[in-house]
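> Attaching a single structure in structure tokens format; questions to follow.
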Amino acid sequence: MRGSGPRGAGHRRTQGRGGGDDTPRVPASLAGCYSAPLKGPLWTCLLLCAALRTLLASPSNEVNLLDSRTVMGDLGWIAFPKNGWEEIGEVDENYAPIHTYQVCKVMEQNQNNWLLTSWISNEGASRIFIELKFTLRDCNSLPGGLGTCKETFNMYYFESDDENGRSIKENQYIKIDTIAADESFTELDLGDRVMKLNTEVRDVGPLSKKGFYLAFQDVGACIALVSVRVYYKKCPSVVRHLAIFPDTITGADSSQLLEVSGSCVNHSVTDDPPKMHCSAEGEWLVPIGKCMCKAGYEEKNGTCQAPSPVTNVKKGKIAKNSISLSWQEPDRPNGIILEYEIKYFEKDQETSYTIIKSKETSITAEGLKPASVYVFQIRARTAAGYGVFSRRFEFETTPVSVAASNDQSQIPIIAVSVTVGVILLAVMIGFLLSGSCCDCGCGRASSLCAVAHPSLIWRCGYSKAKQDPEEEKMHFHNGHIKLPGVRTYIDPHTYEDPNQAVHEFAKEIEASCITIERVIGAGEFGEVCSGRLKLPGKRELPVAIKTLKVGYTEKQRRDFLGEASIMGQFDHPNIIHLEGVVTKSKPVMIVTEYMENGSLDTFLKKNDGQFTVIQLVGMLRGIAAGMKYLSDMGYVHRDLAARNILINSNLVCKVSDFGLSRVLEDDPEAAYTTRGGKIPIRWTAPEAIAFRKFTSSSDVWSYGIVMWEVVSYGERPYWEMTNQDVIKAVEEGYRLPSPMDCPAALYQLMLDCWQKDRNSRPKFDEIVNMLDKLIRNPSSLKTLVNASSRVSTLLAEHGSLGSGAYRSVGEWLEAIKMGRYTEIFMENGYSSMDAVAQVTLEDLRRLGVTLVGHQKKIMSSLQEMKVQMVNGMVPV
């Protein structure tokens, strides 16, 4: 906070408008005004133009408490002394008043002119902003006024719960700031009919009372106050991940993040309430968690929608004992309709109803009573579940005819004949099906079960073919028991037939639903493309498509689809989502969600220094949440690195790359060999290198390296050290140094992840909790690791990168492609490598090295030189 009182005010200068193509010019019709004296018509014309050009809508995250441009009546402001500030009353083309105030006592000494606003309610906001638009005369353009003319004015505020507390003494007001103009106008500007309008914004907080007054003090300037806008900022209500986050007023501190819990949209649920964080600038940051649509509903445009009800039902043939109906598919099926459920009952007997299921849009209900009214309702079922029933439709069966009533004597004969026929038919069916009864679920029952209870045949077949998809089941997978509600990772390699694993965990997609647009990379087995996926009844989605190259072997196909078998078991917002596979046509494809920003390491390198610490922590939190999910399922990733994290346009990070098989060989580089090449050991825990012991704890070590990559914006871990040197240094206790400008809390978490004893490393759920605490308390991230402690944890020698490897400062700078700074270094006394080795980050800024990327490159090289100069540092 800035300011001279007990409460301060930050300030931000937004714009000043002056000459050039964008400069507003006074219309020719008003040119006559400018030949008038300074006071009166001249200012009136000038200010009228200014006001008309600045009636702009406020951004959606700003809520106005006062806008003098929109007040229709009297502002109620008070000026004293009365011959100081003067209100100029004009109207625009719609006859709405334009409120402007001017003062120009530049020829008189000791000016002290005050303009007081009426009481302004803060509406619960603890930090408010004041936007001023004004014009100011250049003192040099006023003959005879140089000794007394000023080019600034002062702004004050006073907090009060009293709406009528105008009796405030001058010394009770707290100064917000002295306001100066970016541009002032001269006599020449008046001749050219050019208006120069300044815009200044200041903020005040924290506020503790219900409202406040503003005051403007003139001390001898020639100024016109065109408009005053007072507002606070909020994070506007938004729906994110099927959760509604309400309007949230920002906090009092400019660095404060407010944690806000969201509520799930209708027909969606979650285990833990989703959260987002409202920044001081009115932006939603760091989304955590999401809601999921309930069974029977599907996500569409931020809502959970069920299949729309059947609305158009037509009656077909109606008889005394049956009614035939037909209907049209719902307007919004929200997916492929699998079947319809028809519920009907005799009117006024709703408790006794019958259900018919049909895959067609027509049915015939039989066995009804003559001359009776029946009520029908229909609903559709998709893969997401059932929709809502339609409204009730009533139809009446026909009465019994007279001829039929005279033939009642024939009914017993017909009934006996039908009964005998049914029994004979049941006996025949029983003998025919007795050998296959066990296959359909009757167990050891003999053929007699079919004879004695013909209905069992139907039930047996129904339970096999018509099993309710929502019924809870217990599955056995190659010796693994999968209980309802317990998600456990199942290794696809335990399946005798790998294709079974693919079909178990991945959805088959028709190739015709996929449109490939462009190639975005090359994978281990073929090209990686971006494209679109359009499934029937669903909206089109952008997707990434991995293809299997032509001429593949069966083993390559099995390995390629193995990743889909793994990925298909995961369902988490921070794990890459598998849309499905194409295996019944060529090319064989794996289809996943599309992540616009690609791999995290490349993205960070392209955007070096562009994110706040909170945004970086939000990325790390997402990765940790994804890894916690994998750890809870019993899955060990083994290859966690920034290159295997994908990031979308909302900066949400998702763990990917589940398809690599790893075999540790006797390699001089101590690398893991895979089908696609070698994975460097820089991300791998020491026990995994030495004993092939991969656990969630070894993933935690890798996560610490990912943290280092993120905070250093994609820098290569251990720089150009060889793998052998890295293994040796880590075994001896050396650890990576803190990245530049790294919060101490984050670096300490990295060191915790790099504990040699894997049992001493934090669990992923603990890491998520630690990062949540940092996000809720941003001030804890302000303490940075100092330069000396950064060097103390540096790794052992980096070969020939020390100061002795370069003969001059110029040669060193050229070697790291920073030769442009050679002359600056020499001019400031850094003429030897020994002198250069003592340079700090502050020195670089003082020398004019302002680009963050250049600072990092030079400091990294200097740190490496220091390592060689001390010839081995103290282990962690």
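Count begins at 1; order follows the chain as displayed.
Using N, Cα and C of the backbone, Cβ positions are placed for all residues, glycine too.
What Swiss-Prot records for 1-24 is region 'Disordered'. For 27-412, the entry in Swiss-Prot reads topological domain 'Extracellular'. Annotated domain 'Eph LBD' per Swiss-Prot: 62-240, in sequence order, evidence recorded as sequence analysis. Sequence annotations record features per position, and here Swiss-Prot assigns N-linked glycosylation site to N266, N301 based on sequence analysis. Annotated domain 'Fibronectin type-III' per Swiss-Prot: 306-400, in sequence order, evidence recorded as sequence analysis. Taken from Swiss-Prot, the feature transmembrane segment covers 413-433, and the record attributes it to sequence analysis. Annotation comment: Swiss-Prot describes 434-876 as topological domain 'Cytoplasmic'. Annotation comment: Swiss-Prot describes 514-775 as domain 'Protein kinase'. Look at Swiss-Prot and you will find I520, G521, A522, G523, E524, F525, G526, E527, V528, K546 tagged as ATP binding site, backed by sequence analysis. Positions annotated as active site, proton acceptor by Swiss-Prot, on the basis of sequence analysis: D639. Residues or ranges marked as domain 'SAM' by Swiss-Prot on the basis of sequence analysis: 804-868.
Please situate the listed features within the shown structure.
Reduced to three states, the DSSP call for N266 (N-linked glycosylation site) is coil. Around the Cβ of N266 (N-linked glycosylation site), the same chain contributes T303, C304, each under 8 angstroms and 6 or more positions distant in sequence.
DSSP assigns N301 (N-linked glycosylation site) to coil in the three-state reduction, placing it in neither a helix nor a strand. Counting every protein chain shown, the Cβ of N301 (N-linked glycosylation site) has 7 other Cβ atoms within 10 Å.
A strand conformation is recorded for A522 (ATP binding site) in the three-state DSSP classification.
All protein chains shown were included, and the count of other CB atoms within 10 Å of the CB of D639 (active site, proton acceptor) stands at 20.
In terms of DSSP secondary structure, the domain 'SAM' (804-868) contains 46 helix, 0 strand, 19 coil.
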> Quick one: which residues besides I520, G521, A522, G523, E524, F525, G526, E527, V528, K546 have a Cβ within 8 Å of the ATP site's Cβ centroid, in sequence order?
C529, T547
> List nothing but the largest Cα to Cα distance in Å, as a whole number, among the residues I520, G521, A522, G523, E524, F525, G526, E527, V528, K546 that the record says bind ATP.
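The widest Cα-Cα gap among those binding residues is 14 Å.
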> I need the least crowded one of these binding-site residues (I520, V528), counting other C-beta atoms within 10 angstroms of each C-beta.
I520
> Can you give me the Cα-Cα distance between A522 (ATP binding site) and D639 (active site, proton acceptor) in Å, rounded to a whole number?
19
> Would you mind checking how many other C-beta atoms are within 10 angstroms of the C-beta on A522 (ATP binding site)?
11
> In the domain 'Fibronectin type-III' (306-400), how many residues does DSSP assign to helix, to strand and to coil?
0 helix, 47 strand, 48 coil
> Return the member of E524, G526, V528 nearest to D639 (active site, proton acceptor) in space, with distance defined Cα to Cα and candidates limited to these binding-site residues.
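Nearest in space to D639 (active site, proton acceptor), counting only the binding-site residues, is E524.
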